[in-house]
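Asker: Straight from Swiss-Prot, here's the annotation block:
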- 1-53: region 'Disordered' (REGION)
- Ser185: active site (ACT_SITE)
- Asp211: active site (ACT_SITE)
- His342: active site (ACT_SITE)
- 388-407: region 'Disordered' (REGION)
- 388-401: compositional bias 'Gly residues' (COMPBIAS)
Amino acid sequence: MSDLQKSFAKSKLAKLPPEPPPIPESVADEDDDSGSSTETVTPSPVKQLFARPGGTRGFFDQELYLQRRVNDLDIVHHVYLTSPTNSGPLFVMHHGAGSSGLSFANCAAEIRKILPNAGILSADARDHGSTSVKRASEDGEADPETARLDLSLDTLNQDLLFVIRETQAKMGWETLPDIVLVGHSLGGAVITDVAKKGELGGKLLAYAVLDVVEGSAMDALQSMETYLSTRPSRFPSLPSGIEWHTRSRTIRNRTSARVSVPSLLYHEDVPKDPSKPWVWRTNLAETKPFWEGWFVGLSRKFLEARGGKLLLLAGTDRLDKELMIGQMQGKYQLQVFPDAGHFIQEDQPARTAQILVDFYKRNDRSALVLPPKVADMQASAAMKKGAGAGVPLGKAEGGTTGSFKRS
């Protein structure tokens with residue numbers, strides 16, 4: 001990225017609203033500089049007092065559980081929803097691997113502050129959050145045996161389309177609202193795939209991808225296993241899990257972490273380690289067979305899909321060659337968050353929301369006032385000229401259009 005682009009991005013960010021102040025702590029973060037090492041971060045008893053779960057009220061109006069049978073699987077998709085009003089748009093959010101729909105909770109609330117008629121749909125992907133996938137037995141009952149993990153891009157694409165259409169049916173919407181797709185990390189790959197295949201038709205206004213680029217994503221996969229081996233596999237309590245996310249700077253906003261992290265962990269009924277009964281809902285190591293398929297061809301699809309395009313990045317040097325060329329050609333909007341971590345929408349929800357709302361307004365077709373057609377302008381001019389001359393319109397003798405005969 002050029003120095004000009006960097007300075008432009010910083011100037012744009014300076015105009016955005018400030019983030020709310022973090023939750024105060026009684027103990028200073030004197031060891032924050034060590035937060036980049038996820039292996040050495042351990043929760044402290046004092047800080048756990050400030051890492052309590054924050055709840056989900058106030059972020060979405062309701063939760064839906066959408067049942068679906070796919071071959072031998074019974075799937076219940078869990079959806080957080082605030083319906084649009086007065087012809088407002090619907091922002092459809094898709095989280096990243098290992099996360100949940102609550103990753104967008106604070107951002108959703110900020111969007112509604114700026115654009116009160118907007119709707120927000122944020123679903124838990126299969127095998128994430130409260131979305132369940134179980135094998136169905138011959139008698140139609142759920143089989144306790146664990147279903148085979150399938151997080152391929154095609155599967156996640158179809159899941160998202162089902163959630164959108166089933167939500168429409170459940171809520172009794174005659175037609176879908178205008179849609180803005182928003183995806184973080186893996187979610188960015190999913191919404192780009194949906195946009196490229198055009199299955200939402202003209203209802204898709206635009207799509208926004210948060211902090212994922214094909215080139216850097218493919219490079220990062222090489223070190224993913226090392227990262228997963230360094231993070232804790234279990235926690236003594238839910239507050240300690242929240243604190244790990246903030247101390248390691250995985251999520252840099254404590255308010256966001258208190259809302260989103262509880263959906264990432266669950267308490268084992270019979271813990272393998274009774275001193276640490278809280279474990280991850282999604283085993284990211286088991287998703288390895290799908291990693292490459294998520295991101296191959298992402299940049300090309302992002303540039304080729306129809307609709308407005310927005311790319312939000314946490315760093316200034318993550319563009320691959322295709323995206324650099326596309327940026328120079330003005331094919332998409334780029335925003336850089338130099339002070340955010342990977343979870344842009346959680347670290348800086350107010351700024352993310354402002355950019356998303358501005359992006360929607362820029363692509364809102366209902367707000368466009370098209371210039372009159374040339375033919376209409378010519379016809380109008382001819383009518384005015386004829387009226388000014390005081391000559392009645394009619395047909396020449398012989399029934400064909402021509403000069404008019406005065407009586």
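Cβ atoms here come from the backbone N, Cα and C positions, even for glycine.
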Asker: Roughly how many Å separate the Cα of Ser185 (active site) from that of His342 (active site), to the nearest whole number?
Answerer: 8
Asker: Is it possible to get the count of other C-beta atoms within 10 angstroms of the C-beta of His342 (active site)?
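Answerer: The answer is 19 other Cβ atoms.
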Asker: Residues with Cβ closer than 8 Å to the Cβ of Asp211 (active site), same chain and 6+ apart in sequence?
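Answerer: Within the chain, Asp211 (active site) has Cβ neighbours under 8 Å at His184, Ser185, Gly188, Leu312, Leu313, Ala314, Arg318, His342, Phe343, Ile344.
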Asker: If you count Cβ atoms within 10 Å of the Cβ of Ser185 (active site), leaving out that atom itself, what do you get?
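Answerer: So the Cβ neighbour count for Ser185 (active site) comes to 25.
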